[in-house]
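The structure under discussion appears below in the form of structure tokens.
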Amino acid sequence: MHRGTGHQPGSCQRTMVPHCVLILGLLSGWAVGYKQGDNVTLYVNKVGPYHNPQETYHYYTLPVCRPDKVHHKSLSLGEVLDGDRMAESLYNIRFKENVDKKVLCHLTLSEKQVDQLREAIEELYYFEFVLDEIPIWGFVGYIEESGFLPHSHKVGLWTHLDFNIEYNGDSVIFANVSVKDVKPVPLEEGAGAAVGGVGVGGGSLTVTHTYSVRWFESTLPHSRRGERLRDYSFFPKTLEIHWLSIINSLVLVVLLLGFVIIILMRVLKNDFARYNVEEEGGCDDLDQGDNGWKIIHTDVFRFPPFKSLLCAILGVGAQFLTLATGIIVMALLGMFNVHRHGAINSAAIVLYALTSCVSGYVSCSFYTQINGQRWVWNIILTSSLFSAPLFLTWSVVNSVHWWSGSTQALPATTVLLLLGAWVLVGFPLTVIGGIVGKNRAGSFQAPCRTRNIPRQIPTQPWYKHTVVHMAIGGFLPFSAISVELYYIFATVWGREHYTLYGILLCVFAILLSVGACISVALTYFLLSGEDYRWWWRSVLSTGSTGLFIFVYSVFYYRNRSSMSGLVQSTEFFGYSLLTALVFSLMLGSVSFWASLAFIRYIYRSLKMD
């Protein structure tokens with residue numbers, strides 16, 4: 001068995017096939033009705049270190065009881081992405097039929113296999129079974145450290161499992177496994193020693209695996225069985241709702257927004273009163289004898305360099321705004337069954353492919369407005385701006401998983417399915433959206449004309465430099481989501497199911513509001529210094545929130561989790577970088593459009609007075 005180094009405690013028609021398969025992964029399971037004595041299939045799934053959620057291996061990589069021919073369950077896309085590899089087990093469970101103690105199998109373990117089990121138990125390996133879409137967790141063995149002098153180190157293997165299953169009518173409600181009142185089989189160094197009554201000989205160890213089944217009637221209906229799973233705690237509960245912290249964060253953000261809006265409106269009111277005193281004609285006559293943002297009206301709408309890249313960022317940012325909103329709304333509507341493995345993963349892939357038209361439309365439309373000529377290159381850049389880093393990161397992470405034998409390594413069929421979804425759905429929709437955006441794009445709406453010769457920009461003080469604006473513009477939105485970010489990390493990199501979607505929607509709205517307001521304020525300060533290079537500055541200032549999120553991810557890894565090892569670390573930091581990129585694109589897009597609307601407003605108001 002290959003493993004990482006983690007050792008600490010704590011996944012129609014020919015052109016429509018990928019699309020149809022993806023949508024099937026979104027469907028929630030319906031209630032399965034059983035009759036007395038019907039077979040209830042128990043699937044074995046995966047094993048892995050307790051505190052490395054993404055480091056998982058197939059259950060049958062351990063020397064355990066297995067059928068002569070392993071039959072795997074057909075999995076949805078979301079389940080495969082979640083690392084599930086379900087296979088039928090030898091456990092014979094019948095609906096509402098108790099089993100006192102039944103032999104599962106007799107195993108003769110070699111010395112190498114005993115050492116393999118010892119190492120897995122010392123690394124706190126847990127297993128996951130699945131019964132009627134209900135996950136069942138338990139530890140592979142038992143480890144005890146006691147005493148200082150002399151030091152005692154005991155490792156034992158659980159060879160008997162008690163299954164406790166709850167039912168209501170003809171459906172299964174909940175299931176778990178326990179080892180209460182069961183003694184583990186000790187695994188001594190080397191397999192040749194006599195071990196607690198089990199047969200030993202010839203350097204091998206013989207163990208007998210048994211199990212029992214107990215059925216209990218429940219009053220909980222099948223439609224609410226997700227509540228029973230949420231109340232059960234095999235993994236540490238990390239999502240206590242710190243309402244006071246969340247409310248405190250929301251109040252601070254609201255006060256911040258209020259102060260920014262009030263101060264900015266008062267300053268603008270004074271500017272309008274001062275600038276409009278001498279205004280006689282159009283906007284083009286306002287550049288004599290004054291300073292501040294009024295004097296750069298002939299340059300403020302001068303198109304920036306790297307137009308195609310700027311428009312690609314705006315397009316992909318708009319796509320992820322649509323994607324994030326769609327996921328949160330779907331979660332609020334209860335479309336993700338807590339028992340359905342990987343449902344959110346499937347939804348994200350489907351929505352990412354379908355919303356590609358948004359990125360193409362927004363990018364190409366604005367690119368045409370600012371007189372961009374290479375619109376084909378713009379579409380290619382837009383389609384690859386996120387997909388290229390995603391593919392590169394996934395290639396590295398998947399290679400590490402493949403090398404270690406982890407179930408998180410995607411099989412070739414899934415890779416081809418995802419590639420086909422992008423080639424047959426994502427990229428064509430980006431092209432279609434780009435063509436529509438190009439054809440429907442009008443002229444750029446600028447209240448003031450731009451002169452041919454750019455105005456010289458005066459020397460700016462240190463506090464108006466790009467780095468300072470990025471620090472301010474990135475920290476404030478990050479502070480608005482810092483509390484909720486802990487819950488998100490604890491679910492994405494843990495095993496809890498996220499349920500606070502209402503709060504998440506509020507925090508998401510506040511994040512966008514803070515980003516827009518901070519961007520407007522920083523843009524005003526930039527223009528007041530007669531610096532008209534706001535285009536890229538507005539994207540970078542609030543888009544730097546992604547850097548703060550990545551720094552937080554490093555802090556979370558070192559101080560809030562017990563994750564370790566090459567496998568877990570590669571996946572964590574690889575996908576944390578992608579998460580930071582997504583936030584940068586989203587907030588950079590929001591920041592730009594807010595700044596553009598603000599600039600149009602102040603110059604249009606000045607001209608119309």
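Cβ atoms are placed via backbone N, Cα and C, with glycine included.
As recorded in TrEMBL:
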type	residues	note
SIGNAL	1-33	signal peptide
TRANSMEM	243-265	transmembrane segment
TRANSMEM	309-336	transmembrane segment
TRANSMEM	342-363	transmembrane segment
TRANSMEM	375-397	transmembrane segment
TRANSMEM	409-436	transmembrane segment
TRANSMEM	467-489	transmembrane segment
TRANSMEM	501-527	transmembrane segment
TRANSMEM	534-557	transmembrane segment
TRANSMEM	577-603	transmembrane segment
Take the C-beta pairs under 8 A between the transmembrane segment (501-527) and each of 309-336, 342-363, 467-489. Which stretch has the highest count?
467-489
Given the transmembrane segment (409-436), which of the listed stretches 309-336, 342-363, 467-489, 534-557, 577-603 has the most Cβ pairs that are under 8 Å apart from it?
342-363
Quick tally over 309-336, 467-489, 577-603 of CB pairs under 8 Å to the transmembrane segment (342-363) gives the top stretch as 309-336
